[in-house]
Structure formats: structure tokens, C-alpha cells
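Undergrad: Positions annotated as transmembrane segment by TrEMBL: 9-27, 39-59, 71-92, 98-116, 123-142, 154-173, 180-201, 213-231, 243-262, 268-286. What TrEMBL lists as domain 'EamA' is 11-140, 151-284.
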Amino acid sequence: MDKAKKQEILAMLALLTTAIIWGGGFVATKNGLEHITPFYLMAARFLIAFFLLSAIFYKKVMSITKEDLKGGIIIGIFLFTAFTSQTIGLQFTTPSKQAFLTGTNVVMVPFLYWFVYKKRPDIFSYLGAFLCFIGIATLTYEGGIGVNLNLGDILTLICALLYAGHIVATGYFAENLDPVILSIIQFGLSGILSLICAFIFESIPSSQNTTAIMSILYLALLSTCIAFVFQTVGQKYTSSTKAAIILSTESVFGTLFSVLLLHEKFTINMFIGCALIFISILAVETKFGIKTEDIKTEVVGE
């Protein structure tokens, strides 16, 4: 096995680890939000990760270039806005529902790539978008006429769009820049912006219990420090297409952890909706194994 193949396998394992950690992150965030406001929770997770990584890789920090700053800031803006909508949205929806709605970002990536790079998506992207729409409708249906998209669901869909932008931007900049430096910069920017918003919009937390502290530590050390570095490194050695499908399993792990740890009720509507969304992701990312010269993928990284 050559070096390039080994790097790709390790990259895929790193991305799978990221998906598992992020799946547990939905539960940790839900628990944390019961004791701390959204922006303070985000500020804590990102600033802890920023200072920890800066201390470990201080030599790299001392050699940051203008290109590093540019890439890190752009990625960081996507990260901050995505997590703002996701964290606030989780106050109004369930972790399992949010996990699958967040996963719709994979369906959005080809269309975002079309908008940015003027390369039209293939037929499987349209099929995936249609199945994804039906899946969201089924997932959020609660009886009566119409679909019950609450505020949390809407914010989560906005998060999915922003996270699609984050994947595209990360794939673009990580190809030529140091992934650790990019992670440090985006964490620092997200932490500072979160802290500013916390001071403006929220009251200072008076006290914290063990649950809040454990949630913050999980989010800071695992979901942020380790997972995002793994994602950035993984995307350096594999295409954004492969990265997207591996990261999309976050929705499966998120639902699994929500049912097992939070004893969340999993209804038939949720099962059908989640299945349709997952099939839509497979349609976009695997083309169901169909290979033909007339059907050509036009997605990030290929």
C-alpha cells in the first residue's frame, strides 16, 4: 500500500471519528443549554479549544501568514454563523431531529458549488434535493394540514446551508494551508465573536453545575478541539465529496445517542423522514454506484 493510499484511509478514519464525536455533541449541547445560554456556551467551547491548541502548537502560531489569516477568518465566519443558528435552534427542537436536518448540508453542497464555481449539479443532486425535501416534510409533520417547521427547525436548516459553505471553504483552503493553523484561527474568531454577542445579548451566568461543566468540556475538547482538527486534516488528504458522505453519518450517531442517552421518543414519522433524508444523502454522494460517461458528478473536490 502506497503512502497516498494510507493517508487517505487515515483521513477517512479521522472523518468517521469526527462524525461520531459530533453525534454525541447534540446531546452535550442540549444538556448544556439547560444551564448556560447559547453564546456563552459557544464562547466557552471555542475559546478553550483556541487556547489549548495555541499552547500545544505555539511554534506554528508564531509563523502564521497573511494567507493563513485570510483562510482561517473566512472559514471561521462560516463556523460562527453556522453554530449560532444551530445552538440557538436546539433550544426549540430535539437533538435527533436537529441531527438529521443538519445532515441536509450534504445535499446543499453541490448547489452551493454550482453557485460559486458555475458547475451544474448532476441528476442525482436534483433527486437528492427532492427526497430531502420530502424527508424534511415527513420528519416535521405532526398531524393536521401542513408541515410544522418550528423556529428550531428553520434555524437548523439555515445552519445546514452555512455548514455546507464551511465544508466548501475548508476543502478549498486546507488543500494548500496548514490545517492546524486554520483550526486555531477559526476557533479564535468564533470564540471572540461568541463572547461579544454574549456580553450584548445575554446575562452573565451566575453559577454552573457539573452537567454544564461536563457539557462544555465535551464540546471544547472533543467536538471542537479534536473533531474539527480531524475534519480539517481529513479534508486535506481526501476529496470533499468523500468527506461529506462520511461526515453525514453524524446524523445517524446523533439520533442514536439521543434515543439511548436522552430516552427521546422515536416516532414512525421521524423514522421515515430520517430514512428519506439519509437516502437523499446517499443519492448525492454515491450515485447508488452508477457509473456512466453521460452522468458526470460536479461536486467539491472532483
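Think of each number as a place in line: the chain as shown, counted from 1.
Yeah, the Cβs are placed from backbone N, Cα and C, and that goes for glycine too.
Keep in mind that TrEMBL annotations are predicted by a computer and have not been checked by a curator.
Let's see these features in context: how buried, what's close, how far.
TA: Same-chain residues lying 6 or more positions outside the transmembrane segment (39-59) and placing a CB less than 8 Å from one of its CB atoms are 29, 32-33, 80, 83-84, 87, 180-181, 183-184, 187-188, 190-192, 194-195, 197-198, 201-202, 204-205, 215-217, 219-221, 223-225, 228-229.
Nonlocal intrachain contacts for the transmembrane segment (71-92), taken as residues 6+ away from its ends with a CB within less than 8 angstroms of a stretch CB, comprise 26, 29-30, 33, 38-39, 41-42, 98, 102, 150-156, 158-159, 162-163, 165-166, 169-170, 173, 177, 181-182, 184-190, 193-194, 197.
Within its own chain, the transmembrane segment (123-142) has Cβ neighbours under 8 Å at 97, 100-101, 104, 107, 110-111, 148-150, 153, 157, 269-270, 272-281, 283-284, 287-288, 295, 297, 299, counting only residues six or more beyond its boundaries.
When Cβ-Cβ distances below 8 Å are used as the criterion, the transmembrane segment (154-173) is approached by residues 71-72, 74-75, 78-79, 81-83, 85-86, 88-90, 92-93, 97-98, 101-106, 108-109, 112-113, 116, 136, 182, 231-232, 235, 239-240, 243-244, 247, 300-301 of the same chain, each at least six residues removed from its ends.
Distant neighbours of the transmembrane segment (213-231): 14-15, 17-18, 21-22, 24-25, 28-29, 31-32, 35-36, 41, 44-46, 48-49, 52-53, 170, 179-180, 183, 186-187, 243, 247; these residues of the same chain sit at least 6 beyond its ends, with a Cβ under 8 Å from one of its Cβ atoms.
Same-chain residues lying 6+ beyond the ends of the transmembrane segment (243-262) with a Cβ under 8 Å from its Cβ atoms: 12, 15-16, 18-20, 22-27, 30, 94-96, 98-100, 102-103, 105-106, 109, 167, 171, 231, 234-235, 274, 277-278, 281-282, 285-286, 299-301.
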Undergrad: Short question: which residues 6 or more past the ends of the transmembrane segment (98-116) have a Cβ under 8 Å from it?
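TA: Same-chain contacts beyond the flanks: 23, 26, 86, 89-90, 122, 125, 128-129, 132, 135-136, 139, 152-153, 156-157, 159-161, 163-165, 167-168, 240, 244-245, 247-248, 250-255, 258, 273-274, 277-278, 280-281, 284-285, 298-300.
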Undergrad: Residues of the same chain, at least six outside the transmembrane segment (268-286), with any C-beta under 8 angstroms of its C-beta?
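TA: Same-chain contacts beyond the flanks: 96-97, 100-101, 103-104, 106-107, 109-110, 124-125, 127-132, 134-142, 241, 244-245, 248, 251-252, 255, 299.
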Undergrad: Per DSSP, what is the helix/strand/coil residue tally across the domain 'EamA' (11-140)?
TA: 108 helix, 0 strand, 22 coil
Undergrad: Determine how many residues of the domain 'EamA' (151-284) DSSP places in helix, in strand and in coil.
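TA: Here the numbers are 111 helix, 0 strand, 23 coil.
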